[in-house]
Amino acid sequence: MERAMAVWLVSSIGIANTVGRVLCGVLSSIPGVNALFVTNVALTIGGIATMFSGFSMSEGYQFFYTVVFGLTISCFASLRSIVVVDLMGLEKLTNAFGLLLLFQGVAAIIGAPLAGAFMTATGSYDACFYLSGGVLLLSAILCYPLNWVNRWENLRNSREKDDKEEA
């Protein structure tokens, strides 16, 4: 791929990310749409797309991948605070969001050296994309049950509160 064309790949991620943030915001504002579910679906698609990004080095395929990646990753960035409020409540937003950003920062610091070590060990950049896509997919899979866990905790807490009031 020519250098000038490769520059457009990076730009297409940014453009798709900008469009995706607006679309995710509009989608999550529709009544009945769960922001966590939208985020999880987007991370699932982004993870799978990343794992298959090395499938073809054709310009068309790579542009398709960068647009899909930009669109899907944007949902996590734009809906992150909404998901935290939905799960933790507005009163815990600052602490929960701070912890979320702490762990994101640690992951960002570790990610590039880990990918470099993985590339050195395997001798292939494809392996780095398999690892990155797998981690994105794993994060989505781990977060799918969060709504059910949150409902269960809220129900349990309300029962405990009712039991204390009766006593």
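Every residue, even glycine, has its Cβ placed from backbone N, Cα and C.
Copied over from TrEMBL, here are the features:
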- 1-167: domain 'Major facilitator superfamily (MFS) profile' (DOMAIN)
- 6-24: transmembrane segment (TRANSMEM)
- 36-57: transmembrane segment (TRANSMEM)
- 63-85: transmembrane segment (TRANSMEM)
- 97-117: transmembrane segment (TRANSMEM)
- 129-149: transmembrane segment (TRANSMEM)
Under a criterion of three or more Cβ pairs within a distance under 8 Å and sequence separation of at least 6, are the transmembrane segment (63-85) and the transmembrane segment (6-24) in contact?
yes
Which bits of the chain, at least 6 residues beyond where the transmembrane segment (129-149) starts or stops, bring a Cβ under 8 A of a Cβ in it?
34, 36-37, 39-41, 43-44, 46-54, 87, 111, 114-115, 118
Do you know the mean pLDDT across the domain 'Major facilitator superfamily (MFS) profile' (1-167)?
91
